[in-house]
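Summarising the annotation, TrEMBL assigns domain 'ABC3 transporter permease C-terminal' to A:199-311, A:613-723. Here TrEMBL flags A:20-41, A:194-216, A:237-264, A:284-310, A:330-356, A:362-383, A:411-433, A:611-634, A:655-680, A:700-719 as transmembrane segment.
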Amino acid sequence: MSLALTRLVAAGTRGARLRLVGIAAGVGIGVTLFLLLWGAFNGLQDREERSSWTALAVAGDPVAVGSTPAPTRDTVLVSSPTERFDGTVITRLDIAATSDSTVTVPGISRPPAAGTYYASPALAELIDSVPANQLGERFGTRIGLISDTALASPDSLVVVTGQPAARMTGAVMTFAISDFPTLSFGGRATYQTLAVVGGIAILLPVLLLVGIVTDLGAAERRERFATLRLLGATPGVVARIAMGETALTSLTGALLGVLLAWLVRPLAALLPINEGTFFVADLAVPPVAVIAAVTLTVLATSLTAGYRTYRAGVGPLGVTRQQRERRPRVVALVPLTVGFLGMLGVTVCTLADIQVPLFSTLLIGGFILTAVGLVLAGPYLTYRVSRVAARRARGAAGVIALARITATPRATFRAVSGLLIALFVVTVFTAAVTSVDASVDASVGPGSPGGGEENALPAGTLLAGLDSTAATDFDESRALLTATEGVRGVALAYSLTNWEGVILSGSDAATLGLLPSGAAGYVSIDNSYINVRSAGEAPPRVTEAPTVNPDDLEPWVMLILTDGTVAAQERARTTAETGQITLMGAPASVAENQGGSVATLMRGFTTMAHLGVLIATLISTVSLAVSTTASILDRRRSLGLLRLMGMPVPTLRRIILGEAALPFLTVVGGSILLGVGVAWSLITTLTYGKRVLSWPEPSAYIVLGVSLLLALTAVLATFRTARAHTAVSVTRFE
Amino acid sequence: MSTAIATTTVPTPHTAVLLSARGLRVTFGHTEALRGVDLDINTGEVIAVMGPSGSGKSTLLHALAGVIVPDAGTVSYGSTPAETVEICALDETARARLRLTDFGFVFQFGQLLPDLSAIDNVSIPLLLGGMRRKDALRQARTWLGRLGLAEQANQRPTELSGGQAQRVAIARALVTGPRVLFADEPTGSLDSLAAENVMVLLTDVARETGTTVLIITHDARTASYADREIIVRDGRVTAGFALSASVAGS
Ligand SMILES: Nc1ncnc2c1ncn2[C@@H]1O[C@H](COP(=O)(O)OP(=O)(O)O)[C@@H](O)[C@H]1O
Ligand SMILES: [Mg+2]
């Protein structure tokens, strides 16, 4: 009988069936996103573990500079010089091994012999797509691909080259190892913190949506339950019916969510996060977790539904207990306050150099508390504001909307809370993305290769750090480079013991345009000429060099002047790397040298931010539309009769708009300010004060504007529904 | 109740016709709700509309009040030729305006906004008419007092008894000083004592203010408060026509 009753209550009318579809859809979306986020979190961890073997720093102490130990049967010499191509950093491992080496390199069977290399599939593709003298020649002959099991992402650019032991001079830190590191060194705490933050930012709106959806059609259902009570059902039976109905529905939704998550995994894997796109398998979630997620979702939604119905006190003649919401109290502000102040506390301690244990956990905790606190504090603030406003309302729409808000601050706030959370998160990420290195002039962004405009160096100049300990024939490299297509000149900068500046020969200074051609002897220029990006436009001060004995000069940096094109720069790099000189990594522009890590961090942030914004806003927009419609449907009889009495349709619209706008406007300013505060706290703490916030780019305002526009559209979209459902022909049959 | 006999209480000869329907036809899909209704309603009259359920009473009320536009026929409203308007010819906005300014409505239940206090509920039509809130509230209070609800002014509909809620609804319908009050089974959900109480108040106030009343009811006792009854059966007015003909002939 209970099943029959359930069907009677659950699927009796079109509205009731729509409600069930809504619950299933909401739960489904929630489960899908949860599983995807969980998968992404696992995936980030997995791929970090897989690629940890390239992090040589954890392998032990490097061998001494200048000493060149020979590889043995069970040790190899490894170094990891910086390698670059067109603004992208390539992970490069140079290995010197004996021909009978027993050392295994992850992803490769045996260490490559000198002159040969293994590349990751993405790098191999890149190498094949450009002329050999721009990239491929740097590594030698390709003898195979690095297997996916040793790569973070399908996009990973990794190369393992075989080198003669004589090249491993220690110019770049060189390690003698028998095993490659297998565990990550945990340097990615920043990303994991941000991943968790982003995940919560998305899940919170989802939870709100599920909450809104399961509460749909409350008024209509109360009447139906009252009918059941009249027929003799006990409150327990009614609660159980509500529970059973919700359990079945949310189970269906959750299973669909699992299916959907599985189906969209290949698509989700295409999102470039952190180091690139994902291997689809990385996004897999263990079956236990899937079962747990489904079970918990079903339990949570059905128990809530049962409890709510039981509490509602549905009697045979309708709702006996007062249906008005409990009035929100000041304590609602506590979580927000605690969370936010906690975050600030951690930050202040970090700035004051006080060690805070588990600071990233504290930050995440603070963030969660702040975000949840915002949702909890909203109804209280909304209630306060609406109370004051209700007394001053003038028009009918104002009186009706404000009375509604005052009577049901939780429900009205919940309609916009998803949007506010989205906005809060948008602000956090937008503000975080603006963060710039406090030690660098903010007016200069991460530059492109050869960002010559930002430097006194001629445009397109690459700097190659030299290993002064290695005896090197510079003339050969100089000749080779000068002969390279697109290279306009080469200069050699020396350092001199006990001398501040950089020493250049007169002819090299002329090559750089610092002296008229034909100059001779040696000159000295400011150090900043070659290593500070913001050196300014003014030509550097060229002073006379101290009397120098050319034998005392230590070759320091080779300056390669190119025409600035990518092809020329890459050809120059290839020539320089394959020549006789020993470089400390690939030649790079000043901008590349200083902007690399900044750019990577930015990209990680930005992708996550855009993703979070998009998902959170979409979900919140749906929430807003659903709950706005629901609140009109709950009152459709009284509003419909008012329309019948002559209330014009614009008044109805103003009611709808007002009920969404007041809670939104009450909290929107606070959300944005909190977002900025949280971003500041996160960035400052995670970078130990090295980075500061600045003004967001115009695109951020556009994103913000679009989000708000979407919200407005959601509200406007409900106008039609509201109008249709309060029309005379509908009302009279209620 | 369908056995109630149509009484023809002859009105005073000088009364002017305020609402006049001719040849009203309304169909909903295959249902013919009204099949040609002619009816004249005089200024200040209290008319009880009776008839079995589904006979077209509510449809008639809606057509007369300009809530719906009949498929055929006309409804003219106004007591002098100069001010007479053809309701069916007005657009929705104009009809809504007319309903707001000239008509009042009372329904069986659920017409009060649950979030608003009694006094706010009563003030809504005035606010819709553009009155300042302070004045609207003062006027609403007066009307609540007149209907014996001074004490309940700040209570919400859920805190009122059924009879009290209906009286609030009547206050709301009358607060704008309408010329015609349309009531669709206003006592339908009340017990007989409360129903009588509400009817007495409604008719008393209507007569005091000279308001014309059209009241749909199933209850013969309720109907007895009216000046005359008309009976709707199968979409036709069975008693009213003869009456209006006699008025026209006098
Ligand atoms: N909006 C509508 N859609 C379809 N049928 C309707 C509609 N309104 C009324 N009807 C039908 O018209 C007839 C008269 O309805 P109504 O005027 O409400 O009767 P009463 O008020 O006398 O009970 C009934 O058969 C009813 O089913
Ligand atoms: Mg009816």
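We count from 1, first residue shown onward.
In case you wondered, yes, glycine gets a Cβ from its N, Cα and C as well.
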Leading contact stretch, A:20-41, A:284-310, A:411-433, A:700-719 vs the transmembrane segment (A:194-216) - CB distance under 8 Å: A:20-41
Mean per-residue pLDDT computed across the domain 'ABC3 transporter permease C-terminal' (A:613-723): 84
At a Cβ cut-off of 8 Å, and with pairs 6 or more apart in sequence only, do we get at least 3 pairs between the transmembrane segment (A:611-634) and the transmembrane segment (A:330-356), yes or no? no
Mind pulling out the one from A:362-383, A:411-433, A:655-680, A:700-719 with the most Cβ pairs under 8 angstroms to the transmembrane segment (A:330-356)? A:362-383
Intrachain residues whose Cβ lies under 8 Å of the transmembrane segment (A:700-719), provided they are six or more past its termini: 416, 419, 422-423, 426, 430, 433-434, 610, 613, 617-618, 620-622, 624-625, 628-629, 632, 652-653, 656-657, 660, 664
By a Cβ-Cβ criterion of under 8 Å, what residues six or more beyond either terminus of the transmembrane segment (A:20-41) are in contact with it? 10-11, 192, 195-196, 199, 202-203, 206-207, 209-210, 212-214, 216, 245-246, 249-250, 252-254, 256-258, 260-261, 264-265, 268, 273, 278, 282-285, 289-290, 293-294, 297, 301, 615, 619, 626
What DSSP reports for the domain 'ABC3 transporter permease C-terminal' (A:199-311) is 92 helix, 2 strand, 19 coil
Using DSSP three-state counts, the residues of the domain 'ABC3 transporter permease C-terminal' (A:613-723) come to 95 helix, 2 strand, 14 coil
